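These notes concern the structure reproduced below.
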Amino acid sequence: MHWITALTGLRCGFNLHLDLTWTAGKKHTEQEGVSFSGLGSADRESASEKSLAVVNKLLLSRAAEQQRPVRDCEQRADMSVETAASGPVMQKQRHLVRSGAREAGGSRGSSGRQEGPGGLWDSVKKAGFVIGSGILFLAAFGNSLTWHLQRFWGASGDFWQNLWTKLYVAYEGHDASLFFLGTMLAPTLAFWGSNALLLWVDITGTPSFITRYRIQLDKNNPVDPAKLRQALKCVLFNHVVISGAMTVVVYYLMSWRGNPCGPELPTFHWALMELAAFSILEEILFYYSHRLFHQPSLYKHYHKQHHEWTAPIGVVSIYAHPLEHVVSNLLPVVSGPVLLGSHLSTTSLWYCVALVSTTISHCGYHLPFLPSPEFHDFHHLRFNQCFGVFGILDRLHGTDSKFRQSKQYERHTLLTSFTPLNESIPDTQKKGQ
C-alpha cells in the first residue's frame with residue numbers, strides 16, 4: 001500500500017512597461033531633433049519613420065536589460081500602440097515594436113538564461129529543492145531507515161514469496177493463464193472497487209460529506225443516468241475486449257524476452273526502481289499521444305468522445321474510442337513492463353496503480369489525503385491545457401499556462417484538512433453578483 005500511495009501521489013512575465021514607450025519615445029525623438037510640428041503629410045511620414053526607429057531602439061534596450069518572456073511584451077505592445085493612436089503610421093509602429101520585442105526574446109532564448117518566475121527553471125529549482133531535501137534526509141537517517149525497511153521486508157518477504165510459490169506451482173505449465181489472471185483480475189478489482197463508491201455518490205448524490213468536495217459544484221449532481229449508461233457500455237467493452245486482447249499481445253512480447261512468471265519475486269529495491277521507470281515512461285508516452293489526439297483531424301473522429309464529459313467522473317477514465325484506448329491509454333502503461341521484461345507481480349501492481357491513479361484524476365472530487373485531480377479536471381474543462389499525467393512536460397511545453405493563472409492551480413495541492421478547497425479558496429466573484 002505504501003507503493004501505491006507514493007506512486008499514485010506522483011502524477012513570466014515579459015514586463016517592459018510599454019504603456020510608457022510612446023511617451024518615452026516622443027521624448028527621445030525630440031532629443032534626436034525630430035519634430036512633427038509644421039510638416040506636411042509627406043514630411044510627417046518621413047519624420048514618423050525616424051521616430052519609429054528611435055522607439056524601436058529604446059524598446060530593444062529595455063528588453064535586453066530586463067530579459068523576460070516575449071508574449072506579454074507583444075500583448076502590451078498592442079495595447080500601448082492602440083491606445084496611443086491609430087492609422088497607417090501607427091500600424092507600422094506596432095509592427096516594429098513587436099518585431100523588436102521578438103528579436104529581444106529570441107536572443108534571450110538562444111542564450112539559455114534563466115526564465116522568469118513561474119517558468120520551467122523555477123519548476124526545476126523547486127524539484128531540485130524537494131529531491132535534494134529528500135536525499136539529505138535519507139543520508140541523515142539512512143542507517144535507521146534501511147534497518148527498518150529490511151526488518152519489514154524480511155518479515156513480509158517470505159510471506160509473499162511463499163504465497164507466490166504456491167500460486168506458481170498451482171499454475172505450473174500454464175504460464176499464459178497465470179499471466180492473464182494476474183494482469184486482468186487484480187487490476188479489474190482495483191478499478192471497479194475504487195469506482196464502486198464513486199458511482200454510488202455520482203448516482204445518488206450522497207453521502208454529503210463526499211459531495212461537498214466536488215470540483216465543479218454545478219455538475220453531475222446527480223449524474224445523468226442515460227449518459228452514464230452509454231458510458232458504461234463503452235467502458236466495459238474497452239476494459240474486457242480491448243484490454244483483454246492487449247494483455248494477450250503483451251504476454252507474448254514479454255515471453256519472447258524472458259519468463260514474466262518466474263519462480264522468484266523481484267527484490268524490494270528493484271521493484272521500486274521499475275515502478276519509477278514506468279511512471280516516467282507513462283508521462284512521456286501519454287503526453288505526446290494525448291496531444292496527437294487533440295489534432296483537429298483526430299480529435300473530431302476519436303478523442304471528442306472522451307471529452308463529452310466536461311465534468312468527468314471516475315469510471316469515464318477509460319471511456320474512449322477503441323483506437324484511442326489502445327494508443328493513448330494502454331500503450332503508455334504496458335510499454336514499461338514490456339521494455340524492462342518485468343515480473344508478473346510488478347506488472348500487476350503497476351496496472352493497479354495506473355488504474356487507481358487515472359480514476360482519481362477523473363473522479364471529480366478533491367478528497368482529503370488523496371492526490372489532487374484539479375490538473376486533469378481542468379483539461380476536461382478547457383480542452384487545450386494540461387495534457388500530461390504529472391505536468392512535467394506541460395510545464396516544459398507551456399501547455400499549462402492558463403491553468404497556472406486559474407483558481408484550480410491554487411487548489412492543486414494535497415488536501416490535508418476536511419475543509420473543501422472550493423471553500424478555503426473560493427472562485428472570484430464576477431461583477432454584479
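Cβ coordinates are placed from backbone N, Cα and C, and glycine is handled just like the others.
In TrEMBL this protein carries:
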{"type": "COMPBIAS", "residues": "70-79", "note": "compositional bias 'Basic and acidic residues'"}
{"type": "COMPBIAS", "residues": "98-114", "note": "compositional bias 'Low complexity'"}
{"type": "DOMAIN", "residues": "276-399", "note": "domain 'Fatty acid hydroxylase'"}
{"type": "REGION", "residues": "70-118", "note": "region 'Disordered'"}
{"type": "TRANSMEM", "residues": "127-149", "note": "transmembrane segment"}
{"type": "TRANSMEM", "residues": "189-210", "note": "transmembrane segment"}
{"type": "TRANSMEM", "residues": "231-253", "note": "transmembrane segment"}
{"type": "TRANSMEM", "residues": "268-288", "note": "transmembrane segment"}
> So what's near the transmembrane segment (231-253) in sequence-distant terms, Cβ-Cβ under 8 Å and 6+ beyond its ends?
Replying inline: 176, 179-180, 183-184, 188, 191, 260, 305, 309, 315-316, 318-320, 322, 325-326, 329-330, 334, 337-338
> Can you tell me the mean pLDDT for the domain 'Fatty acid hydroxylase' (276-399)?
Replying inline: 95
> Taking DSSP states H, G and I as helix and E and B as strand, how many residues of the domain 'Fatty acid hydroxylase' (276-399) are helix, strand and coil?
Replying inline: 88 helix, 1 strand, 35 coil
